Each structure stands twice: as structure tokens, then as C-alpha cells.
């Protein structure tokens with residue numbers, strides 16, 4: 001399945017592919 005977004009991204013970068021730091025500071029599906 002697809003990777004799950006949801007990590008915190010206080011630095012503005014998400015480590016999970018296909019995820020965006022929006023709304024900050026939580027990664028959500030880009």
C-alpha cells in the first residue's frame with residue numbers, strides 16, 4: 001500500500017514520499 005503520512009515536520013520537510021508539510025507541522029498526503 002501507499003506510505004502513510006502523519007509525522008511531524010517542524011523543519012518543513014517530510015521524510016515520507018508523497019507527503020507534504022501542510023498544514024504545518026504535520027505531514028499529509030501531497
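Yeah, the Cβs are placed from backbone N, Cα and C, and that goes for glycine too.
Feature annotation from Swiss-Prot assigns disulfide bond to 5-19, 9-21, 14-27.
Between the CA atoms of residue 21 (disulfide bond) and residue 27 (disulfide bond) there is a gap of 4 Å. The Cβ of residue 5 (disulfide bond) lies under 8 Å from the Cβ of 14, 16, 18, 19, 20, 27, 28, 29, each of these being in the same chain and 6 or more residues away along the sequence.
Neighbour counts of Cβ atoms within 10 Å were taken for the disulfide-bonded residues 21, 27; the minimum is at 21. Note: residue 9 (disulfide bond) has non-local neighbours 21, 24, 25, 26, 27, i.e. same-chain residues 6+ apart with C-beta under 8 A of its own C-beta.
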